[in-house]
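Notes to accompany the following structure.
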Amino acid sequence: MSCDQDEHLFDLNDNNTLLFLSTLHDFKNYYSSIHKYVALLLCLGGLIINCIHISILTLPRMRNSSVHTTLTCIALADLGTMTSYLIYITRFEFFVSLQGYAYAWALFLQVHAVLSIALHALSIYLVTLMAFLRLMAMSAGQSMWMKPRLALTASFFVTVSVFTICIPTFLAHEVMPNEFDMYNVGFSSMFMKNGCNLLKLNLWLTGIFLKAVPCFLLMCFTMALLRRLRANDKKRQLLFHGESRRSNSDRVTYMLLLMVFVFLVTELPQGMFAILNAMFTYQFHRYVYVAVADVLDLLSLINCYVCFSIYTATSSTYRQTLLSLLPWRK
């Protein structure tokens, strides 16, 4: 990537800076040698786990909840993420071709670049939606905000919005022929003109609307849910003369808070990276983003386990339903 008139993030004449960048490069070389194996195991395990997760959440006794409906949509997005990444890691990491790829595979790589961003962002927004629905249910009563149809409609709207925002990312890449009569994927020449203005605009669009905004909303809803829980605890202590008894509704809210916290921990660094990539496109992309790209992918794959893991750990009803599906328990 070569963008003129870029602001410089690093002083390449400074010894400490060079040492830092050299360390990043060494880390990339080390981790990239094992990343494909780690990613392969995560994808295979994640596909199995999320299929089980969906089969449980869609059982008749589990359907009557907007939380479960949204969790199902998140699991579907995670399935898409892991399926796309599994194909990518198999074809482009285990069977890498230095001379390029057939047009169909190059086109898949272009689509994968967009899908990986869109589906991951969709998961974040759906977690945000789930926190919002829970907050509304606690504030205004559960009859309206806990309806599955409302969650499904909202999830559909979020999906369309996220994929619409990702259209420029698809246009920013193009399939290019090479000297071996094969194809590679690179940045579109249109996006690289005029000092990469269109590319930078797309990076800002992605960084703000697919990273910064959902992280900000998650933090806002987290604080609002915590305030609501404290208010409920005070009311309960007054009602039961100082005793604190958590209701099932509060346990569900604490479970959602744990999910939101895990997503924030993994997403905030990625959000910061996305913004820095937009501000210092050439240097940050070349020296930092490329070095940690596999780690960012790893965080995205780990996030695909969050909902199943936390729900299994915190919900006795979910655990009982899961155990009832095991063949040796029947």
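We number each residue from 1, going along the chain as drawn.
Cβ atoms are placed via backbone N, Cα and C, with glycine included.
TrEMBL does not curate its annotations; it predicts them automatically.
Annotated transmembrane segment per TrEMBL: 37-59 (among others), in sequence order.
For the domain 'G-protein coupled receptors family 1 profile' (49-311), the model's average pLDDT works out to 85. Per TrEMBL, the feature domain 'G-protein coupled receptors family 1 profile' maps to 49-311.
According to TrEMBL, the feature transmembrane segment maps to 71-90 (among others).
With a cut-off of 8 Å between Cβ atoms, the residues of this chain six or more beyond the transmembrane segment (102-129) that come close are 70, 73-74, 77-78, 80-81, 84-85, 87-88, 91-92, 151, 154-155, 158-159, 161-163, 165-166, 169-170, 173-175, 182-185, 206, 210-211, 214-215, 217-218, 221, 259-260, 263, 267, 297, 300, 303-304. The feature transmembrane segment is assigned by TrEMBL to 102-129 (among others).
According to TrEMBL, the transmembrane segment annotation covers 150-172 (among others). If one looks beyond the transmembrane segment (150-172) by at least 6 residues along the same chain, the residues whose Cβ comes under 8 Å of a Cβ in the stretch are 66-67, 69-70, 73, 110-111, 113-114, 117-118, 121-122, 125-126, 129, 133, 144, 187-188, 190-191, 198-199, 201-202, 205-206, 209-210.
Per TrEMBL, the feature transmembrane segment maps to 203-226 (among others).
TrEMBL lists 254-275 (among others) with the feature transmembrane segment. Remote same-chain residues near the transmembrane segment (254-275) are listed as 67, 124, 127, 130-131, 134, 203-204, 206-208, 210-212, 214-215, 218-219, 221-222, 225-226, 229, 246, 288-289, 292, 296, 299-300, 302-303, 306-307, 310-311, 314-315 (criterion: CB distance under 8 Å, separation of at least six residues from the stretch ends).
According to TrEMBL, the transmembrane segment annotation covers 287-311 (among others).
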